[in-house]
Each structure stands twice: as C-alpha cells, then as structure tokens.
C-alpha cells in the first residue's frame, strides 16, 4: 500500500471507503477501494480473491478498469482507473432541462456495449445504479463494480449501515428467485434509462413489498399470461392487488415511440423475453446515436 498516497476520500461504496489516490511511482491518479469484509478475523475468502482476479481480464472502454488487487493481512484493496463523476451526481447537478436526449442515447448505448461485453464473458453486475456509472468530460460512461456482487454478495446494508437501494432491482429477485440471469442487469439499466429521461427514479421503493407494488402499479400486476411461472415464485402471493398496466406515454412522456418500445422491452416481466444487451444495441432508437460531451460541474 505504500505505493499509493491517498489524496482524498471520494465516497463510501457498498463494500467500503473509496479514496482518490496517487501512484507514487507513476503519478497516476486512481480510485482505491478498501473492501470491508465481515470476516475481518478470518481474512479474505480465497473465493473472493479468485473472483476478483478474473475481473482484471475484463478490458472494455465502457468498463471501469480494475488495475490491481492488493491483499494485505485481512484487508483487500482494489485499484481502479479514476473517473471524476458518477451519473447520480451529474443528474442531480444538471440544469432544469435535464440531460439532452442525444446524451441519454449515447450513455445508454455505451452502457449496453459494456453490458454486452460482460454478459458475453458470463459476468453479471447485479447491483447497477446511477452511483456506479462513472462519467468523464469526454462523453464516456463506464460501469463500475462489475462482478463484486458475485465475489462478496449483495449486502442488505452497506458497511456504514445505509440500506442498499432496491430501486433498480429486477422483479424476479424481489420475488425470491434464486437463479437469475444477465436479464437482471437489463432491468436495472431500463430503470436508469427512464430516470435519465424524466430525472425521477422510476420505482423508488422503500421496502421490498413497496418496490414490487410500485412496479405493479406501472406495469400491471403480473399473472401467468404476462409472466409464465410467476405464481410459483417463492415470494409471490395470490393476494397481491391487481393493478392494470399504464401507457408508457404517461410513464416517460418525453420519449419518442422508439425509445418507449426499447424501454418496454428492457422492462419485460419475463426475463426470457427481456431484450438482451446485444440485441438492444441494434434497436432503431440508436439509429442516430452520436457522442456528445457533457458539461461537468
């Protein structure tokens, strides 16, 4: 660790503190994530080390690069490339008119490229949210924390006891499904797509049942027709209130027909019918995709 000089604390992630740091030898600025594990006494599980080491192979322009893994005594530090802002801060700080459609389209296209790459390597994210999508002034957006959920699990609370957000969690996870697929990341990205357009979280639930009911109120309560097999899921209840599906023109009014069609395919209840990242990249919505640059604060 003596190779790195901490410059400042930049945040508290799901697993531990994140610092901006400087590599003393090269002068390179990096993000240093200190992973806090419950197993402080036993040291770092070897399975976690193996999982994390595999992530060093994930090289893609839309994936935040894991540069190094430093394992000392019972602590684990992950060294990542540094980007100056996350999408949540950018959305919170952008002017009243919000993010331009051209920039939303560019960001969504890049994120789908990153997802398609990871999914082709059988790596899931499982915890996508605006806070772990990082941007720079060149107009790039990158997925951070890929694969950490598999290595460390997704905790209910962070190490500082903050509740881990449910807002972007796919309905199959909320209904207790133990075996899920790359489709969970597409759902999360669909929620983020809508949020970039409207500047409001699509399903801001404050408990698992509130989260489900917010989804049901918008997309309609699922049944065996809209989602074959839903009634056999562990946490499905036949007593769920029956809501009808809302028209997407009311849910995301600024979006054109192509955008609404893509969003509807990303928010399909049945994960087998949910669009894949690879197919989404060919959607007509991206016919005129360009690469504008954001005005970062």
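Just so you know, glycine gets a Cβ as well, placed from its N, Cα and C.
Feature annotations, reproduced from Swiss-Prot:
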type	residues	note
ACT_SITE	127	active site, proton acceptor
BINDING	10-18, 33, 81-83, 86, 129-132, 145	ATP binding site
DOMAIN	4-286	domain 'Protein kinase'
MOD_RES	14	phosphothreonine
MOD_RES	15	phosphotyrosine
MOD_RES	160	phosphothreonine
Note to self: Distance check, please: Cα of residue 145 (ATP binding site) against Cα of residue 127 (active site, proton acceptor), rounded to an integer number of angstrom.
What the structure shows: 8
Check: Can you count the other CB atoms that lie within 10 A of the CB of residue 16 (ATP binding site)?
Finding: 21
Check: Which residues does residue 83 (ATP binding site) neighbour through Cβ under 8 Å, counting only same-chain ones at least six apart?
Finding: 31, 64, 134, 135, 136, 142, 144
Item checked: recorded positions compared (127, 145) - the one with the fewest other Cβ atoms within 10 Å -> 127
Item checked: Of 33, 127, 130, i.e. the recorded positions, those within 10 Å of the residue listed as 'phosphotyrosine' when Cα atoms are compared -> 33
Notebook entry, point to check: Tell me, how many other CB atoms lie within 10 A of the CB of residue 130 (ATP binding site), whichever protein chain they belong to?
Noted result: 20
Margin query: Measuring Cα to Cα, how far is residue 13 (ATP binding site) from residue 127 (active site, proton acceptor) in Å?
Written below: 12
Check: How long is the line from the C-alpha of residue 127 (active site, proton acceptor) to the C-alpha of residue 14 (phosphothreonine), rounded to the nearest angstrom?
Finding: 10
Item checked: C-alpha spacing of residue 33 (ATP binding site) relative to residue 14 (phosphothreonine), in angstrom -> 10
